[in-house]
Amino acid sequence: MGLFDKIFGSYSDREVKRITPIVDKIDSLGPEMEKLSDEELKQKTFEFKDRYAKGESLDDMLPEAFAVCREASTRVLGMKHYREQLIGGIVLHQGRIAEMKTGEGKTLVATLPVYLNAIAGKGVHVITVNDYLATRDKEWMGQLYEFLGLTTGVIVHGLTNDQRREAYNADITYGTNNEFGFDYLRDNMVIYKEERVQRPLHYCIVDEVDSILIDEARTPLIISGAGSKSTDLYKIADFFVKKLREEEDYTIDEKAHAAMLTDKGVAEAEKAFGIENYADANNMELQHHITQALKANYVMKRDKDYMVKDDEIAIVDEFTGRLMEGRRYSDGLHQAIEAKEGVKVQRESKTLATITFQNYFRMYTKLAGMTGTALTEETEFREIYGLDVVVIPTHRPVQRQDHSDLVFKTAKGKYDAIVEEIIETHKTGQPVLVGTTSIEKSEYLSSLLKKKGVPHKVLNARYHEQEAEIVSHAGELGNITIATNMAGRGTDIKLGEGVLEVGGLKIIGTERHESRRIDNQLRGRSGRQGDKGHSRFYISLEDDLMRIFGSEKLQSVVDRLGLEETEAIESKMVTKSIENAQKKVEGNNFDIRKTLLGYDDVMNKQREVIYKQRSQVLEGENLEDSVQAMIEDVITNAVQAHLGNIDEDDFEKELGDLIKYLEDIMLPHGKFTVEELKTNSNEEITRKFIECAREIYKEKEEFVGSEQMREIERVIILRVVDTKWMDHIDDMDHLKQGIGLRAYKQQDPIQAYQMEGSAMFDEMINNIKIDTVRYLFHVKVEAEKPQRERVAKETGASHGGDSQEIKKKPVKKEPKVGRNDLCPCGSGKKYKSCCGREVV
């Protein structure tokens, strides 16, 4: 703590002091609310809604609304909010993050701002980390909201569109971040506005906000369709890399979580695949497959990063140890792991729509969050999301004793000491919760305890179903529970009878996580609501964190001391060294997330433009003006591209090419000749073409009817926009993967990505106009209602991992470029004078 904080108190202390008068006001309204009957209390909700409609702000109503909610909670749930919980509720209403320790009643705290903001009638979303918690909280707290005259809904996997729409139309909606994000993407793929399920994003409270906004920030939500690529190359690449030797043919960079070929490895690849130059751009697809095969075989670890379950690869969440059902690694990594493990390699998918949680949650008008551990990531919350963190005081002082780390020379010595400690503690009856960082390590520790005949329960991704049940009993006398990281988060560990007398729940950490926050979460499982408890971490110099990021200074101290395998050191210097290693990793991860956000912001702005225009097409009753403007643009651009600034000698040739080009898109064949138009100015030619196109379009509309034509326009525009946008997502992803490999002198890669991405976006918009006009003029119309259809059948949704390998270039299915067309590279020159010079 700095000198300033010692004198004036921390930022959180000052904020809590500022909020206290509002809490006093809520307290003073208590007796008045107690006098109201149940019906009168319920009527208060309708009174608040009326006052809001007349212009009174939610801030002005806060003390009274919180007092109403508090009284209703006392009657319905038998729980009255503490003053500290009122402070937490105010912080959440203000659009901030409330850090509240485990067991302080976060679920109850959320009812206050949820009730107040539901009065606005625009919908309140409460985000939880899994379907179990979403359903539990909706049923539990839903009693309170329904007593107060509000409706609640829950979004879980497997609901129909009608069920989802009903849940979103409720005053308060519970659900997981994945479900909300996927619904947003799906809503922006519909052909008819009635198919949308979400309302505009208004107010959102994210439970376990650090887990969702930081731990999962780098993994985008992806809706995908089946790709067309063969899976054979994954098996061939896997066969090739399995024969390679570490250091000689490839190297592993543990910090970057990557593997790469050495010069000798490159020579082996050239020999094996019969190619001259591995680095050649023509071999990009092969490079991609080999890179992913290397990562799958030598970086990704079975039972730590993924599991083989029912002959499929299931991803393990590194932060919770849970299986991430239905998710697949993106960019071909999942297929590479399937090839490695000898299970069926599924086809690589094509991305239809994607968004990161960072950008999804930043779309809410007001965002708030709560967690037991946020302060260590305060800078990131502020810089990325504009959220500040306020630490809420605990209702009772924390009595848990956090002991210094014990550092061992080897992993074996560490595990032997842990087993010894568990056995000694078990003799007293004190319950023990042991936190591990992977399934593999939890099962290794379990096998050691079995050999000693110590009864215990294991909680990891393999036994996901019993998670809440096992966790809820972890605080009972004599129980020993081994848990992968934060599995069971969101379920309280209540102490059984007689446990306080033996010292409360003991927490043993088997190694430090690379994030201090995850360590704090493990510690926080003990000592809830002022209970006694103990915590200690056991560390070895062979642990991943110490091996990759630990200081050489610490290693030399241990060497000088000549520690035996079973001996440990315990000192402030050691703890400091470990914390510095963690800070180094946290800083590194923050930089990666910030860089990714820089790239994603470019894509996000483009997505906003496309989705906004798409929404206007969905809502628009009359698209005629937009279509007429497209026709004009296509003709004007074509005339300019063919006839602008050309030699007189080339004029007739270019005019002939122009007529053919526009005949292919919209003009009737043989209507215009070079002979007839060659004496006209460019402006006259443009006018004649536009008049002709309008006349044809008018005849088509008269035949089919205006209402029918608008319907056809809507469907075709949406189909073209979606198809081009999907291709653009692939192109932008390929650009992002390749841009860092270029030697940009004095130029920021993100800036280069922005400039080139902008040019590609403009080209896409132009191609949308051309294809829309072509389809509208070529579509065979009948005088009947067009069939409603989806643009792309969604075949899968995944929360794919990010990847830093080179992505193979997507094949763009576009019309052949004419020699006199504008060059697609975006230079503004004709194709024949630019990239077309090299084409024979």
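Cβ coordinates come from backbone N, Cα and C, glycine included.
These numbers come from a predicted model, not from an experiment.
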Residue among Gln85, Gln521 sharing the ATP site, where Swiss-Prot lists Gly103, Glu104, Gly105, Lys106, Thr107, Asp492 as binders: Gln85
Structural state of Gly103 (ATP binding site), classified by DSSP into three states: coil
Output field, ATP shell: CB within 8 Å of site CB centroid, site Gln85, Gly103, Glu104, Gly105, Lys106, Thr107, Asp492 dropped: Met100, Thr102, Leu108, Val109
Mapped DSSP class for Asp492 (ATP binding site), helix or strand or coil: coil
Protein Cβ atoms within 10 Å of Gly105 (ATP binding site), excluding its own: 19
Residue with minimal Cβ packing [other Cβ atoms within 10 Å] among the binding-site residues Gln85, Lys106, Asp492: Asp492
